[in-house]
């Protein structure tokens, strides 16, 4: 009885985490889409890169499936932030250690 209850609890938590990840990534993607014709301020860009990288890593560690993590919305957000990062690097002369690329390299290495 206790084992089946624990499995149901873990399953419920995983479903909750997947829904949370998806809804917050959709919210972020919508926010970026609404501002498609506006360039992000350097501070906004740095914070968003940190948020997306941390969110991806933390939810992956909690067992959220790659199919959920690597959704179309995640790709849209990642592509937009990568483009903004390239623009900011040319405009500002660098991102001072904050990069979307770091996230890709760390995830592929693990």
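Glycine too: its Cβ is placed from the backbone N, Cα and C atoms.
Record features (TrEMBL):
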- 16-59: domain 'MUN' (DOMAIN)
- 91-110: region 'Disordered' (REGION)
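Under DSSP, the residues of the domain 'MUN' (16-59) split into helix, strand and coil as follows: 37 helix, 0 strand, 7 coil. Mean pLDDT for the domain 'MUN' (16-59) in the predicted structure: 95.
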